[in-house]
Every structure is written in C-alpha cells, then in structure tokens.
C-alpha cells in the first residue's frame, strides 16, 4: 500500500486529531519502543522509556489545548474536558477488557474481577504493584493508563486554580515534579521491598513525566529569550541525546529508581520542542510526518491495548524457541497492527463526531505557531 493511500485511511479523524507537527510521529516511536521491548527484547530495548515518552506527549498536548482554550474563552470547560477524555479513552478500553474477559471465560481461565475493575476504574497501577497476578488475562501494561487518567482528573482544576490566583503555572508544575522525585527517593530508601515496581508505576512517582511535557508546552508558548529560547534551540536537543543515552547505561539501582526518570524527562523537553518546532519541509518534519509514522501514531492507543494479545496468538500459532520465537513475535507484531486497526475503525472512530460536540479539536493554526509568543491570560499565567 503506498503512502497516500495509507494516509487516506486516517483522514476521517483529521478534525479531531492533533495537527501539531510531529506529534503522531513521536507517538509512533513511543509505541514501537514498547512493542519491541515486549517482544522478548526487554534487555535491549527499554520499554518503560517508551511509556515515559507517551507521558511527556500527553502532558504537552493537553497543556497546549487547555491554555489555548483559556486564550479563546478565558476559562476551561471542565465538564466538556472530562467528557472528551472519557470518549477518547473509555470505549477502546471497555472493548479490550470485555474481549479479554470473554476469551478467558471461554478458555476456562476467568479474569480476576478486581483486575478487571482496576483496569476500568484506573487503579491498575497499584494492583500491579502489590498483587500483579490479579491482572492475569488482562495485562499489567494497563498501569500507565491509570497514571494518565489521574493526571487528567486534577490537571484542569489545578490550571484553573493557578489562573484564579493570578499565579504562574510553571512554578506549580516544577514543585509537583520535585514532590514526585521526593516520593521516589523516599520509597527507594524506606520501602525497598516494593521500590522497583512502586517507583516505576505509582502515580505519585511517575506523574513527573507528564508534568515535564506540560512544562515543554509552556516553554513553547514563551518568548524566545532566556531559558525558554535556549530549550527551543535544536542544538540543545542534539546535546540532550547523549545524556539520554547515558541514563540507559547507568545500572546503579538507586539511580534507576530515582534520578533516571527525572533526567530522561528533562532531556525530553528540548527533544519534543525540536520535533514540534522543526522547519516545515525539513528532514525532521518529513520523517516525523511520514505516512507510516502518522498511521502508527494514530493507532498507538489501540496498539498499546492489544499488542500483548497479538503476541499471545502468534506464540500459540508458532511455538518453540530460537528462530521460531523470532518468527512468532514478528507475526505477533503484524497481528497487533491488524487488531489495532480494527479497534481504531470500529471502536475509536465512531466516537470522533461525538467528541467534536464537546469541543474536541485543535486549531489548524497550531501548525504555524512555532516560536510564537503566547497571548492573553494563559500566557501571563504560564
């Protein structure tokens, strides 16, 4: 299938999709990191970093949308925001949990009710920390959805409170980042029995990644002078890459549970800014906006939900080790894309029009705002 035809398959959702250049490409890279890691390559490909990138993307996008809404209306329609989030995230999740529960029941391996409830009510991260067996048949990977949903629950309220108090948003977010780092340090020091899982999945320990993306959005909207201007310099993004690589090489347990996340998230700020601010027609934008990456990015949520299911089917069809195992995972990746495409078309897309009724859109002008100064109340509060 050629690139134009591939792109056309996803044109139906353009009004509700982000038009921020490069964002779908970043999503694609994130989900591919996760999928490759889970395909038996955890020792070589750090899947948890793919989730960290997802977190940063979410924080960046939500912050730009909310601050843009404040610029246009002077406030945030909290109810509409929550409805949009529910319509975006819940239908595919319900479909996934329902199918996995039915498959488990048919196979005589019923899913744990608490595990299913934790997935649907967004506390799977804590269940996965303390009783991971309860997520058998559903998947422990749903922990990250809980972290994101907890962020969505409080963030617009925090933003409105900051605006009402006439304060700036960035210091509040930096303070929360410090709290998140302190939580990881505390757990690592005083709760070593669960510190690896807790620092890796608990909301208070991992929300820093989403906040880093939010800070990147504030930097993007700030005047191109001082620290914001420095962070938006593409050369800083290049310098951030070796620092990011170093975080994967340091094997010290304390660092991996504490500072690793902070350093990775700091490096992601200039990298995200470099991608979304890349010159139109330049190499970075051409690659990140290429049809395969855009298509993969749009499938990323369904791919995240379903990729383990694709692997399980493939491992059943092609048992064995060695080259057969490699073939099984290759087949599993293909099956995951097929299932995700079906989920996208049959479950996600039908809700796009309904989401638009609650204001789900991104201004096309966002594509042309690279380097523009923020205006209005939101800019003064950032």
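Glycine is treated like the rest: Cβ placed from N, Cα and C.
TrEMBL lists 21-344 with the feature domain 'Acyltransferase 3'.
The list of residues near the transmembrane segment (47-67) in space but at least 6 beyond its ends in sequence, with Cβ under 8 angstroms from a Cβ of it, reads 18, 20, 23, 26-27, 29-34, 36-38, 76, 81, 144, 147-148, 151-152, 155-156, 159, 200, 206-207, 209-218, 220-221, 248, 261, 264-265, 268-269, 272, 276, 300, 304, 362, 366, 374, 378-379, 382. Feature annotation from TrEMBL assigns transmembrane segment to 47-67 (among others).
For the transmembrane segment (87-107), same-chain residues at least 6 beyond its ends with a Cβ under 8 Å from one of its own Cβ atoms are 116, 119-120, 137-139, 142, 145, 149, 301-302, 305-306, 309, 343, 347-348, 350-351, 354-355, 358, 360. The transmembrane segment annotation in TrEMBL covers 87-107 (among others).
The transmembrane segment feature in TrEMBL is assigned to 150-166 (among others).
The transmembrane segment feature in TrEMBL is assigned to 173-194 (among others). Residues 129-130, 202, 204-208, 211-212, 214-215, 218, 254, 257-259, 261-262, 265 of the same chain sit 6 or more residues outside the transmembrane segment (173-194) yet have a Cβ under 8 Å from a Cβ within it.
Tertiary proximity for the transmembrane segment (236-254) is limited to same-chain residues at least six positions away from its ends with a CB under 8 Å from its CB atoms, namely 46, 49, 188, 196, 230, 260, 263-264, 266-268, 270-271, 273-274. What TrEMBL lists as transmembrane segment is 236-254 (among others).
Under the heading transmembrane segment, TrEMBL lists 326-347 (among others).
Confidence in the domain 'Acyltransferase 3' (21-344), given as mean pLDDT, stands at 95.
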